[in-house]
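Colleague: Just lifted these from TrEMBL, have a look:
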ACT_SITE  H62  active site, proton acceptor
BINDING   D63, V66, G68, D70, S72, E81  Ca(2+) 1 binding site
BINDING   P154  substrate binding site
BINDING   T185, D236, D244  Ca(2+) 2 binding site
DISULFID  C31-C107  disulfide bond
DISULFID  C64-C69  disulfide bond
DISULFID  C113-C317  disulfide bond
DISULFID  C191-C223  disulfide bond
DOMAIN    21-321  domain 'Plant heme peroxidase family profile'
SITE      R58  site 'Transition state stabilizer'
Amino acid sequence: MEGLWLVVLVIFVMALSVESQLKTGFYSSSCPKAEAIVRSTVESYFKKDPTIAAGLLRLHFHDCFVQGCDGSVLIAGSSAERNALPNLGLRGFEVIDDAKSQIEASCPGVVSCADILALAARDAVDLSDGPSWSVPTGRRDGRVSLSSQVSNLPSPLDSIAVQKQKFADKGLDDQDLVTLVGAHTLGQTHCQFIRYRLYNFTATGNADPTINQSFLSKLRALCPKNGDGTKPVPLDKDSQTEFDTSFFKNVRDGNGVLESDQRLWDDAATRDVVKKYAGTIRGLLGLRFDIEFSQAMVKMSSIDVKTGTNGEIRKVCSKFN
């Protein structure tokens, strides 16, 4: 009987381990100004360019999906993660570097780059009229960053089955998938990533039939067949710098910009979540989405974290100690 209790206890402790490794206010005594410094840094960049919010959110997401949330995406170098093809459009590195140098001046060798990134993503959403939440901290920085490991990052070309699998591999369910993709209420893509949907979908010479016809005309005007591939296209046609639920209404109405976003409507399980957020009453003022996005972000930012004696606390975010 004693052995059985021990097994139950071990399982219970393992289930708690990730949550207990990170804790809110981890730096409250070792570096009490850390969170305020990150906040003021993000705010100063945001005032000059509100689109930086989407960049910081994406940076954190891309970090967590490769090697876990360990700041590995911040490492500079030809073979590092940030030089892999899916990461070439990432931005916001200078915001993290700036916050890090200020924190190092205040309390050297204490706060990880991985935590600064998690805090910056939260502040970016908050500044964009989105929710705020308590970020559990205590992550340490990883010592590996390889461009060859980014294949498990979600891609705009992924089918719904592939999207679900990639999220499930990280311990995230269908609800988390739709909720986190809702971050596309902020930010933009480029014509080169959607042109195939407008002119030659599945090599048919036609447009993707799931695109709303009037929206198709607008997208074609924005992205002519042989036009500039780097031209930006808002991921949320209605409010690309405001954190709200219009992204889900767009998906419902056939106005999703990325193929992977529009596919959320094709699957019964993900469609139900889209409907929930796009509804007029239940999605009232986006309150439900705000609450569930906050919860999903805490869950995502706990993926494979390094704590305790694992990893290091980098002195400079772009290079290993």
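Cβ from N, Cα, C; glycine included.
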Colleague: Rounded to a whole number, how many Å is the Cα of D63 (Ca(2+) 1 binding site) away from the Cα of C107 (disulfide bond)?
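Modeller: Rounded to a whole number, the Cα-Cα distance is 24 Å.
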Colleague: Counting only other Cβ atoms and using a 10 Å cut-off, which of the disulfide-bonded residues C64, C107, C113, C317 scores lowest?
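Modeller: Across C64, C107, C113, C317, these disulfide-bonded residues, the one with fewest Cβ atoms within 10 Å is C107.
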Colleague: Can you list the residues of the same chain, besides T185, D236, D244, whose Cβ falls within 8 Å of the Ca(2+) 2 site's Cβ centroid?
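Modeller: Apart from T185, D236, D244, the close residues are G182, H184, L186, D238, S239, Q240, E242, F243, T245, S246, F247.
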Colleague: To the nearest Å, how far is the Cα of R58 (site 'Transition state stabilizer') from the Cα of P154 (substrate binding site)?
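Modeller: Given the Cα positions, R58 (site 'Transition state stabilizer') is 12 Å from P154 (substrate binding site).
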Colleague: Express the predicted model's confidence over the domain 'Plant heme peroxidase family profile' (21-321) as a mean pLDDT, rounded to an integer.
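Modeller: Summarising the domain 'Plant heme peroxidase family profile' (21-321) by its mean pLDDT gives 95.
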Colleague: If you draw a 10 Å sphere around the Cβ of C191 (disulfide bond), how many other Cβ atoms fall inside it, taking every protein chain shown into account?
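Modeller: Other Cβ atoms found within 10 Å: 19.
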Colleague: Rounded to a whole angstrom, what is the C-alpha distance between D244 (Ca(2+) 2 binding site) and C64 (disulfide bond)?
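Modeller: Between the Cα atoms of D244 (Ca(2+) 2 binding site) and C64 (disulfide bond), the distance comes to 23 Å.
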Colleague: Does anything in the same chain, at least 6 positions from C69 (disulfide bond), have a Cβ under 8 Å from its Cβ, and if so what?
Modeller: H60, D63, A114, L117, A118, R139, M300, S301, S302, I303, D304, V305
Colleague: Can you figure out which of H62, C64, V66, S72, C191 (the recorded positions) comes closest in space to C113 (disulfide bond), comparing Cα atoms?
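Modeller: Closest by Cα distance to C113 (disulfide bond) among the recorded positions H62, C64, V66, S72, C191: S72.
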Colleague: Show which residues of the chain containing P154 (substrate binding site), separated from it by at least 6 in sequence, have their CB under 8 Å from its CB.
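Modeller: The list for P154 (substrate binding site) reads F65, Q163, K166, F167, S260, given in order along the sequence.
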